[in-house]
């Protein structure tokens, strides 16, 4: 299928954009009509008659370690210039020229079409020129992605630090709420929205997968030192060793979010991550890693056990941060692993409890406690530590609203499970043990 969109434009100016003295393009408006949104943002496989590109944008600035919204609005292609380029000209003139170059900005785009290969190239050059920007691009539909040049430049976007993803229900709802003259009405998903999202998402994953393979020339790219994980936009390879790509901030906030998810569709976005830090008693630097279970394959906990077994370690302390508590099978395998290694100290923190009301899952948690594994719920100190070690040590963690309240509720729920199985005293005994290397 060949999408319908304006053809390539000629005569783009030099970079930095805006220094070319082109006329400044302005947003068409802050809000678009419901009819325009439903027609142009519908994530169809074949989008007949949709030649225009709409770009809804939000610009935030970091102020005293907190994000502050500066601008939001809507661009549309104009004078044969695509919406993305119109935005970049506008952003240069209205933001970069006005505010200090030391300011840090986050830009979020919600687009009816993903960038064409020429726009993607221009965006890459713009990001390379301005290192104080971060850019997230969510697209309703993929434009001409069968073209090798388009695929290559989408990859270059990711390699330059942009986040590129397909719009899911969460993004459609957010876009509807902020950029549509909705008259107070809630967003009503159209038929096959989620099905079409999964198709667009899988195509994008396939295109971007090579972007995330990063093996240093001095490292061996064997299966033993490559861990598979996913992120936004999904699949990524991380290399264990001195240099490890961190989780993106967007990934962390969406995947470790500890509050109750009201809509079933959002559960498809909640992935089972396992971040671990291994500290040895011989003074060596801690080892870190992040794992994610693939659908239909081994869970992250099993990948973690295989990794630790291959190291043949004895006296170590391991801290794990999980987005979901282990399933019964993973719990029993973790428990068996711990019983075979009494000198190993394993502490598991989980953001959310997985099927905690079902007896087999409760029994799995009990097997962890009975084996001597410490299982607890992530609270603000753990979220902060996870952020520092696996996301961005240079930026402070900004807690979401209600984080500590929800953590305490989840802790009470976990405590009730312990009490219902008569394990509270046992867990308290483990908590009072002196954990550490033998005293000389």
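From the backbone N, Cα and C atoms, a Cβ is placed for every residue, glycine too.
These figures come from a predicted structure and were not determined experimentally.
Annotated Zn(2+) binding in Swiss-Prot involves 82, 116, 119, 327, 330 plus, out of the candidates 40, 299, the residue 299.
Long-range C-beta contacts of residue 84 (active site, proton donor), restricted to its own chain and to partners at least six residues apart, with a cutoff below 8 Å, comprise 53, 55, 75, 109, 111, 115, 119, 122, 123. Counting every protein chain shown, the Cβ of residue 330 (Zn(2+) binding site) has 25 other Cβ atoms within 10 Å. Summarised as a single figure, the pLDDT of the domain 'CMP/dCMP-type deaminase 1' (49-165) averages 87. Applying DSSP to the domain 'CMP/dCMP-type deaminase 1' (49-165) sorts its residues as follows: 39 helix, 44 strand, 34 coil.
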